[in-house]
Structures are given as C-alpha cells and as structure tokens.
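Asks: If you scroll down you'll find the structure; I have some questions about it.
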C-alpha cells in the first residue's frame, strides 16, 4: 500500500503480495506509513554504506527476510554483494520460491547474476552463485550455520546481518544466542536491528495489548525497554560497538525535500500520535571489525 501511493519505489513488491484494496484511517496511514518510510530509508542507508565501504566484496545475511525485495533492488543499482542470503521459516521460504519460479521479473535477475553449475532449487531452498534462500529456524544457530555453509557462506568475508522486527519474536535468551553466534562467527561484521523501543510506557503497553488481542505475543519485548537496553544486548553478546536511535531521529536525518514530498501525500493533523509511534521504534547497529574497515 505504501509503495502504491508513492512513499518509496519498489517495482518488485507487487510480485509477492496481493494489492491492498482496504484503505486505513488517515492517522494509521500517515503515522504507520511514514514510520515504514523512515525504516526503509534508514536501513537502506546503513546497508549501502556497508556495501560502499567494502566495495561490495562482502555478503549479506537477511534474517527473517519474509517477502523482502532487497536482492532485486540492489541488483538494479549494481550494488550486489558477492553473495546475498535470505533466511526464514521453511513455510515462508516455500511460498517465496513459488513466487520466484512463477514470475519471470523475479527469476530472471537471479539467472542473470548466476554463474557456474545449474541453479539448485527444491521446495524449501534455492541456491544460486549470488542469491540463496534458506529455510531455517533462527532460534537454533547451529542448524542455521550448517544450512548457510551448505549454501557457501564464507565466514572470512565482511558480513552484514539484517533483522527487521525479528528478534522481538524470540525470547531474550534466543536472540542473545543468535547475536553471540554472529559475533563469534564473522571477524568483520555489522548487525542492523530494527524493532520496538520504549515499550514500558503507556503507549508501549497499549501497543503490546493490541498485538496480544490479535494473538501476537512479543516474546522478547523486555529487551525493548530503551535505546540503552537495545545497545546493551549487542555489547553483551560480543559486538564491539553499538548505536541506537529512535525513528523520530531517523526521520529528522532524511533528505528534507523528500520528507516534504511524502508529507504531502496524505494529510494528518494527529502529529502527536505520529511522533509517539516513531519514538517506539528504533534502528540499532553494531560492528565487529578485526581489519579496521
């Protein structure tokens, strides 16, 4: 829906989702869509900075990738890393593989970037020389590592790991294990995490209650107390540096001409609600850098 009304460009999302017909209340539109807009641009900014710093001589591991389209967009921008991995539950991966196989605008870029032997594909995994789709449960890092290595993960390459609204669905111990595994596996690495923050105040509690009513429990919400607790989790699990900023701050960093453009797309007088929403999501990033990149 956000793409269809012009918040940002993504020519590939249409092949993964049904078109949104339902129109939400204006404050949901402006509040949530501007938050998505800030998320897309904030995460993209960090990813592109990593790719440029490594001159694309790196790999990306997108954890809990769902129907994300980043691989295709990076290919269009000539910014593909040496290898791009996506990981999600086998059921999600099977659905994505079905879409890729049945839609040439998705399969063609994978074939174009592939070299070497024939492309390997079954119902729960896809492996080409530049793109791999892996069905795995992130709560079990030894199983995850085994499957990634089967798809030619190179632990010596600078590695960017991305998790967007993923860790919050795992218990604090499970997400700590995943972060620890990543920090101990790659000598040069960066981790980007996008998720909730400031969840102990009244607004945060209402968010949790609304999700619980929809049978959606945030198992890891206690780590989302504050920006400090988000940074602390990263530092306690083997990462050398960590930063965290809320989405209001991210929004203020975005190019103002483009912000003005998206603010003109739909009218919102509930500025306070919008700001509260933005203050309850954050982007955190951490690094481990044995080669002083």
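Keep in mind that glycine also has a Cβ here, set from the backbone N, Cα and C atoms.
According to TrEMBL:
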type	residues	note
BINDING	39, 64, 137, 138, 164	S-adenosyl-L-methionine binding site
Asks: Just to confirm: which same-chain residues, 6+ apart in sequence, have a Cβ under 8 Å from the Cβ of residue 64 (S-adenosyl-L-methionine binding site)?
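Replies: Long-range Cβ contacts: 87, 88, 138, 163, 164, 165, 166.
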Asks: Please report the number of other Cβ atoms within 10 Å of the Cβ of residue 137 (S-adenosyl-L-methionine binding site).
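Replies: Its Cβ shell of radius 10 Å holds 15 other Cβ atoms.
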Asks: Across the listed S-adenosyl-L-methionine-binding residues, 39, 64, 137, 138, 164, what is the farthest Cα to Cα distance, given in whole Å?
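Replies: 24 Å is the greatest Cα spacing among the residues binding S-adenosyl-L-methionine.
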Asks: Within 10 Å of the Cβ of residue 164 (S-adenosyl-L-methionine binding site), how many other Cβ atoms can you find? Include all protein chains, please.
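Replies: A count of 19.
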